[in-house]
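Shown next, in structure tokens, is the structure this report addresses.
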């Protein structure tokens, strides 16, 4: 029996999504209000996770948007959530998905992702986590069978992964009955994911990029993007913000992109990337930028875990 193709799972994923990861992770009425305003401005794709503590905020914002008539129903938005490492155990996947739906107040998520290719001690939702809580192995096939069950049960319309290297994605594809629809990864002009992009294009897996501006000021980000003289020059020449240059570049690659700003001016600017384009010269300059991960994944490196080094974790794609 053949596998279910990824393309069959993702007919309606909006190209721009609103991220909800703000460190330290917490839920608040301010977050709910910002997400409601995002719906008013036209955002229809929201990315959350059990770890972020914002599933409830997303659910409340969507429900309020329906009550106000901003959208006709929950079906008018695309909601992604993720399986945290403490639930990345074969027997915990389906219960974790059900808990996510309780948090959201929804009957299904449009997309459910394995957050990282790693497992930690069950029961906690924290990052960073103590190194001693890293499990000695990651049961990729067992966890994925749980994800496939979530899809079969209708808890998730589509399933996918996050932070999977090209090699790990190929390993997953070798046994998946339901193929991953998406691989959500760090992506921006300073880490363009060239090797992974080749695999995803060949296999029909949609790339979705987080940290498009480098996530400066967070534990998972760096200042490399915002401090880039090349990107600043392109932005100045075009009369656009540096953020718009980065987002337009990702859009031109065919990627789904996740933005994260609750500032209304920037929320509007981040949607204004469709009626102009980069020149060939500007694309060339971006292609020549030095490449370095902003998020090396050091938290997952442990002598007692499955990954002993950064190179090991990313399978050499560093």
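Sequential numbering from 1, following the chain as shown.
Positions of Cβ are set from backbone N, Cα and C atoms, glycine also.
In TrEMBL this protein carries:
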DOMAIN    16-288  domain 'NADP-dependent oxidoreductase'
ACT_SITE  52  active site, proton donor
SITE      82  site 'Lowers pKa of active site Tyr'
BINDING   115  substrate binding site
C-alpha spacing of residue 52 (active site, proton donor) relative to residue 82 (site 'Lowers pKa of active site Tyr'), in angstrom:
10
Cβ neighbours of residue 82 (site 'Lowers pKa of active site Tyr') where a neighbour is any other Cβ within 10 Å:
28
Whole-number Å value for how far residue 52 (active site, proton donor) lies from the residue listed as 'substrate binding site' (Cα to Cα):
11
Mean of pLDDT values spanning the domain 'NADP-dependent oxidoreductase' (16-288):
94
Return the count of C-beta atoms lying within 10 angstroms of the C-beta of the residue listed as 'active site, proton donor', excluding that atom itself.
25
